[in-house]
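Notes to accompany the following structure.
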Amino acid sequence: MASTAEETRGEGASVLDLDPKSAVAGGVKDVYGEDLATEEQLVTPWTVSVASGYSLLRDPHHNKGLAFTEKERDAHYLRGLLPPISINQELQEKKIMHNLRQYQVPLQRYSALMDLQERNQRLFYKLLIDNVEELLPIVYTPTVGEACQKYGCIFRRPQGLYISLKEKGKILEVLKNWPQRNIQVIVVTDGERILGLGDLGCQGMGIPVGKLALYTALGGLRPSACLPITIDVGTNNEELLKDDFYIGLRQKRATGQEYSELLHEFMRAVKQNYGEKVLVQFEDFANHNAFELLSKYRSTHLVFNDDIQGTASVVLAGVVAALKLVGGTLAEHTFLFLGAGEAGTGIAELIALEMSKQTQAPIEEARKKIWLVDSKGLIVSTRKESLQHFKKPWAHEHEPVGNLLDAVKAIKPTILVGSSGVGKTFTKEVVQAVASFNERPIILALSNPTSQSECTAEEAYAWTDGRAIFASGSPFDSVEYNGKVYVPGQANNAYIFPGFGLGVVMSGAIRVHDDMLLAASEALAQQVTEENFQKGLIYPPFKSIRKISAHIAANVADKAYELGLASHLPRPANLVKYAESCMYGPIYRTYR
Ligand SMILES: O=C([O-])CC(=O)C(=O)O
Ligand SMILES: [Mg+2]
């Protein structure tokens with residue numbers, strides 16, 4: 001079996017996995033400030049001692065399947081364990097894509113991809129990187145949502161680390177059971193609000209697994225530096241509690257002190273085991289816990305909430321890009337949100353922050369341009385007493401308005417944002433009302449997965465006579481309307497978190513500062529080309545995501561250095577080049 005020590009040493013040429021060619025060509029230093037290894041050194045010398053023969057074929061980190069060469073088969077005791085033919089990675093890739101396309105059911109494609117990840121990691125990432133637009137909807141939203149709903153049923157081999165109430169008092173030991181030690185990014189969920197699908201308990205594991213696959217494919221973090229974690233404190237989902245195949249604790253959710261003690265033990269154990277510089281990404285927690293965890297740990301740990309901060313950063317980027325199409329400054333626009341939870345208030349706050357930086361006005365003034373609607377109607381000052389604390393900054397002076405349509409008519413937004421997790425809420429009346437006072441209404445239907453989208457791309461274009469600038473959290477295909485093709489954008493935090501994480505890790509940042517989110521957002525908006533704009537797009541296509549991520553990483557790292565939060569010194573001169581040189585590449589290595 002693969003030995004952890006050898007594995008770690010093998011990947012230890014730098015903190016990040018380095019592409020040999022760019023490393024040698026660039027002559028750059030690694031994140032520890034040491035000269036990078038030569039290409040020769042990077043031809044892995046350690047495989048012999050890691051795994052050989054039968055166990056090498058079953059080690060997903062090193063297995064190459066039919067791509068083992070004749071020489072490698074001789075050197076690593078593989079003779080006879082493989083059929084005689086040897087093929088290259090490109091042909092393997094072609095074959096797997098061919099096979100995947102035979103499956104009509106998305107969940108079958110998901111299972112096939114997860115099996116590949118468990119079997120041959122480099123091939124999995126090569127596939128994902130080369131076919132990102134086709135495969136993102138499988139390993140990520142919307143299919144990952146369905147996978148979580150059915151996780152117990154499709155469960156084959158465990159992925160990630162499970163920490164349940166049973167592990168209370170032993171979390172540090174549990175972390176030590178994980179085979180990799182040089183962890184740089186953890187994505188953790190407690191499964192209480194999985195996408196817009198609600199409480200899926202322990203089955204939320206699909207989300208950290210999927211997010212981290214994107215960290216590697218889109219942002220270039222090493223797979224072995226990524227750790228998916230699910231914290232199981234029970235579930236209030238009655239159906240799952242009754243489901244024979246459910247994989248989690250069969251009890252109602254622990255709350256209050258019991259919950260916060262477990263989470264606190266977890267945060268302490270993470271720091272103790274991995275040090276200051278491991279990035280902990282909170283994902284799909286319910287609102288109350290998400291806000292509380294972020295505010296509790298943001299000054300002592302390197303934490304990032306993807307749903308609050310990542311979503312905010314991606315939406316701000318889309319809005320800034322959209323203004324190039326519609327004109328006006330942020331402060332000249334009026335925003336109306338449906339949904340006042342993590343995404344809604346997170347986006348609103350980041351937009352207000354950017355607005356106040358632009359206008360030099362206090363943030364309280366900027367907030368007045370942004371209105372939020374929750375399940376009880378428009379959030380107004382007369383409701384202040386009964387509001388949760390994260391909604392209070394948005395309680396402006398206005399008479400009560402009971403529903404979204406009336407709020408649209410009263411506020412007359414130029415930009416409508418859906419972030420409530422509830423589908424089909426942008427009705428024809430709502431969309432047409434927004435379109436009645438905007439030449440080009442900006443409509444962002446952010447809720448995931450597709451079933452929870454506030455409206456479809458087709459509806460947005462049809463109900464506005466093709467005038468809408470539309471983006472959604474989950475992907476929609478292009479739409480033909482009145483003989484013209486409209487390409488919707490995908491306003492999903494997947495644009496941000498991989499590059500953001502890369503920037504944090506490569507600079508050795510020890511805290512996340514809001515200005516780093518603004519930096520990420522700015523870098524993303526700058527990646528929208530003239531050609532994209534001409535198609536009405538406010539996000540660049542995902543196919544260039546590695547380049548986009550490098551730019552985001554560079555801007556984030558630059559900000560971390562400027563703020564004195566970066567610990568990897570000296571600062572590399574060319575941060576974009578450096579980010580690119582740090583990115584993990586999935587090409588097979590040659591084993592001696
Ligand atoms: O996972 C996604 O597609 C975006 C996201 O964070 C969420 O909806 O919670
Ligand atoms: Mg999320």
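Including glycine, each Cβ sits where the backbone N, Cα and C put it.
A simple way to gauge crowding: the CB of TYR140 (active site, proton donor) has 27 other CB atoms within 10 angstroms, across all the protein chains here. According to TrEMBL, the active site, proton donor annotation covers TYR140.
Residues annotated as active site, proton acceptor in TrEMBL: LYS211. Under the DSSP three-state reduction, LYS211 (active site, proton acceptor) is assigned to helix. Proximity of LYS211 (active site, proton acceptor) to non-local residues of its own chain (separation of 6 or more, Cβ distance below 8 Å) is seen for TYR140, VAL187, PRO228, GLN281, GLU283, ASP306, PHE497, given in sequence order.
ASN492 ((S)-malate binding site) is surrounded by 25 other CB atoms, counting those within 10 A of its CB over all protein chains shown. Secondary structure from DSSP puts ASN492 ((S)-malate binding site) in coil. Residues or ranges marked as (S)-malate binding site by TrEMBL: ARG193, ASN448, ASN492.
The divalent metal cation binding site feature in TrEMBL is assigned to GLU283, ASP284, ASP307. Secondary structure at GLU283 (divalent metal cation binding site), taken from DSSP and collapsed to helix, strand or coil, is coil.
Annotation source TrEMBL lists domain 'Malic enzyme N-terminal' at 117-298.
Marked as domain 'Malic enzyme NAD-binding' by TrEMBL: 308-561.
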Secondary structure at TYR140 (active site, proton donor), reduced by DSSP to three states: coil
Cβ atoms near ASP284 (divalent metal cation binding site) (within 10 Å, other residues, all chains): 26
Alpha-carbon spacing, ASN448 ((S)-malate binding site) to ASP307 (divalent metal cation binding site), which is rounded to whole Å: 11
Divalent metal cation site, defined by GLU283, ASP284, ASP307: further same-chain residues with Cβ within 8 Å of the Cβ centre: THR189, ARG193, ILE194, ILE207, PHE282, PHE285, ALA290, ASN305, ASP306, GLU342
Close-lying recorded positions around ligand 2 among LYS211, GLU283, ASP284, ASP307, ASN492, where CB distance stays under 6 Å: GLU283, ASP284, ASP307
Fewest-neighbour residue among binding-site residues, criterion Cβ within 10 Å, set GLU283, ASP307: ASP307
